Amino acid sequence: MRPDAWHGPVDADARAAVARLLAGAQHGVVAIVEAGHPVLRRPAEPYTGQVGDLLPALLDVMRATMRAAPGVGLAAPQIGLPLAIAVLEDPGLPAGMEAAADERERTVLPPRVLVNPSYERVGHEDRAFYEGCLSVPGYQGVVRRPRAVRLRGQDEQGRELDEVLTGWPARIVQHETDHLAGVLYVDSVETRSLSTNEMYARAWAGEATPRAAAGALGFRLDS
């Protein structure tokens, strides 16, 4: 990491909080904050360099925690840190689910870091699919989101990001960026779609779209 990537001053309290978090990690993994904790409902502070030289170690812990969960994204507030940082990585769906992957436009998303991200809709298409959240364990629900978004922000090196994402990568970016604004997916979930992980795996995970769930559970799924 370039030493001049972030020019803001180190914040002693923020750095100490990260140091405590790192010291308490078990095999590089820390606890995930669950819904009901105020940190998940407050806008995160823009990152300008508050944690100084601990940023690489923090990102390592975030990645390890995300993978261990497992999940495809993790925002700093989900480990109790109100900073506008998120890590993403999606290996894609397993073999045998190619039809679902195509319908959901779910492609492999290599590991990446978003710092101070924002997004805006591109085009007029929406897509509705089941998604879950590591901070709302045990459940999945259908959320309608823009199919494509323009992402802006920085990476961990401070380099500017400005790109358009489509399909599942766009959904992941929206979900994690929403976390940094104090928004959870349950704020916009189709409530009648809400399913436990066990029921989702049994009844709906194999479906390419939530259409069958919409008919069975009685919620609207616009085309």
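Just so you know, the numbers here start at 1 and follow the chain as drawn.
Here the Cβ of each residue, glycine as well, is placed from N, Cα and C on the backbone.
It should be emphasised that the depicted structure is a prediction, and the values quoted were computed from it without experimental measurement.
Per TrEMBL, the features are as follows:
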{"type": "ACT_SITE", "residues": "Glu176", "note": "active site"}
{"type": "BINDING", "residues": "Cys133, His175, His179", "note": "Fe cation binding site"}
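Annotated features taken from TrEMBL, shown on the structure.
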{"residue": "Cys133", "record": "Fe cation binding site", "Cβ contacts under 8 Å, 6 or more apart": "Ala35, His175, Leu184, Tyr185, Val186"}
{"residue": "Glu176", "record": "active site", "Cβ contacts under 8 Å, 6 or more apart": "Gly73, Leu74, Ala75, Ala86, Leu88, Leu114, Pro117"}
{"residue": "His179", "record": "Fe cation binding site", "Cβ contacts under 8 Å, 6 or more apart": "Leu40, Ala44, Ala75, Pro77, Gln78, Ala86, Ser135"}
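Under the three-state DSSP scheme, Cys133 (Fe cation binding site) falls in the coil class.
Other Cβ atoms within 10 Å of the Cβ of His175 (Fe cation binding site), summed over all protein chains shown, number 23.
In this structure, His175 (Fe cation binding site) is part of a helix by DSSP. One way to see the shell of the Fe cation site is to take the Cβ centroid of Cys133, His175, His179; the remaining same-chain residues with a Cβ within 8 Å of it are Gly73, Ala75, Gln78, Leu134, Ser135, Glu176, Asp178, Val183, Leu184, Tyr185.
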